[in-house]
Amino acid sequence: MSHLTTCLVFFLLAFVTYTNASGVFEVHNNCPYTVWAAATPIGGGRRLERGQSWWFWAPPGTKMARIWGRTNCNFDGAGRGWCQTGDCGGVLECKGWGKPPNTLAEYALNQFSNLDFWDISVIDGFNIPMSFGPTNPGPGKCHPIQCVANINGECPGSLRVPGGCNNPCTTFGGQQYCCTQGPCGPTDLSRFFKQRCPDAYSYPQDDPTSTFTCQSWTTDYKVMFCPYGSTHNETTNFPLEMPTSTLEVA
């Protein structure tokens, strides 16, 4: 077999393996405004107009991974700039986590018992309604979930910031809200989020009702910003002003 033929066979096998493996993530923007999607440690960042999608593949073993949306961004041709919510160090291609407030889709693939673990979290606050889950649902807690309440419009005054609703830990700090020194429970402020998004993490130890699992290798995943039926589907229902134009090139 020639070297060229060997390379071609290797490429075809790799392509078939990739296209048949789970772990493909689609990030779709259904909001009536531009969202600058972000994903770490796999993905980076992408500008999404309404109706646009972005796909990337996360390999088995990926963990502590996040997907979120950024709003009111301005980036130059080199991908440097700033976002009002979810900013990740002033770059389009995120390498680190975003600045609160930002609604999060979190996941870890192919962990113990060959399970994928995933969730929606508002521990870092809320900026955009979101749905997240498997494209091929399975038994138990392997089904899509969402957080679509009008949290920005109803946000307590102590947590309200431009473009979103901040989290109590960032705002006030301390064990009560941050749970950094041992067990902790819900607070009145975390209950504000939980009552509106019962499937989402509302404080760091909100595991029993907020962690979802799917069997590894059985499904891909989809994140949607402003899923159908959410309060942000139409501009008139979005409670915080969005810009009519931006300056970035992305």
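Keep in mind that glycine also has a Cβ here, set from the backbone N, Cα and C atoms.
Annotated features, as they stand in Swiss-Prot:
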- 1-21: signal peptide (SIGNAL)
- Cys31-Cys226: disulfide bond (DISULFID)
- Cys73-Cys83: disulfide bond (DISULFID)
- Cys88-Cys94: disulfide bond (DISULFID)
- Cys142-Cys214: disulfide bond (DISULFID)
- Cys147-Cys197: disulfide bond (DISULFID)
- Cys155-Cys165: disulfide bond (DISULFID)
- Cys169-Cys178: disulfide bond (DISULFID)
- Cys179-Cys184: disulfide bond (DISULFID)
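On the structure: features taken from Swiss-Prot.
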residue : record         : DSSP (3 states)
Cys73   : disulfide bond : strand
Cys83   : disulfide bond : strand
Cys94   : disulfide bond : coil
Cys142  : disulfide bond : coil
Cys155  : disulfide bond : coil
Cys169  : disulfide bond : helix
Cys178  : disulfide bond : helix
Cys184  : disulfide bond : coil
Cys197  : disulfide bond : coil
Cys147 (disulfide bond) as reference: those disulfide-bonded residues from Cys83, Cys88, Cys179, Cys184, Cys214, Cys226 with C-alpha within 10 Å of it: Cys226
Listed disulfide-bonded residues among Cys142, Cys155, Cys169 whose Cα sits within 10 Å of Cys179 (disulfide bond): Cys169
Rounded to the nearest Å - Cα separation of Cys155 (disulfide bond) and Cys83 (disulfide bond): 20
Cα-Cα distance linking Cys169 (disulfide bond) and Cys88 (disulfide bond), given in Å to the nearest integer: 19
Rounded to the nearest Å - Cα separation of Cys165 (disulfide bond) and Cys184 (disulfide bond): 22
Pairwise Cα distance for Cys31 (disulfide bond)/Cys83 (disulfide bond) [Å, integer]: 17
Candidates Cys142, Cys184, Cys197 (disulfide-bonded residues) - the one closest to Cys83 (disulfide bond) by CA: Cys197
Cβ-Cβ distance under 8 Å to Cys184 (disulfide bond), same chain, at least six residues away: Gln175, Gln176, Tyr203, Pro204, Gln205
Minimum Cα separation from Cys73 (disulfide bond), reported as the residue among disulfide-bonded residues Cys94, Cys142, Cys169, Cys178, Cys197 that achieves it: Cys94
Around the Cβ of Cys165 (disulfide bond), the count of other Cβ atoms that are within 10 Å: 26
Listed disulfide-bonded residues (Cys94, Cys169, Cys178), ranked by Cβ neighbours within 10 Å, top entry: Cys94
Per DSSP, three-state class assigned to Cys88 (disulfide bond): coil
Position of peak Cβ density within 10 Å, selected from the disulfide-bonded residues Cys147, Cys155, Cys197: Cys147
Disulfide-bonded residues listed as Cys83, Cys88, Cys179, least Cβ neighbours within 10 Å: Cys179
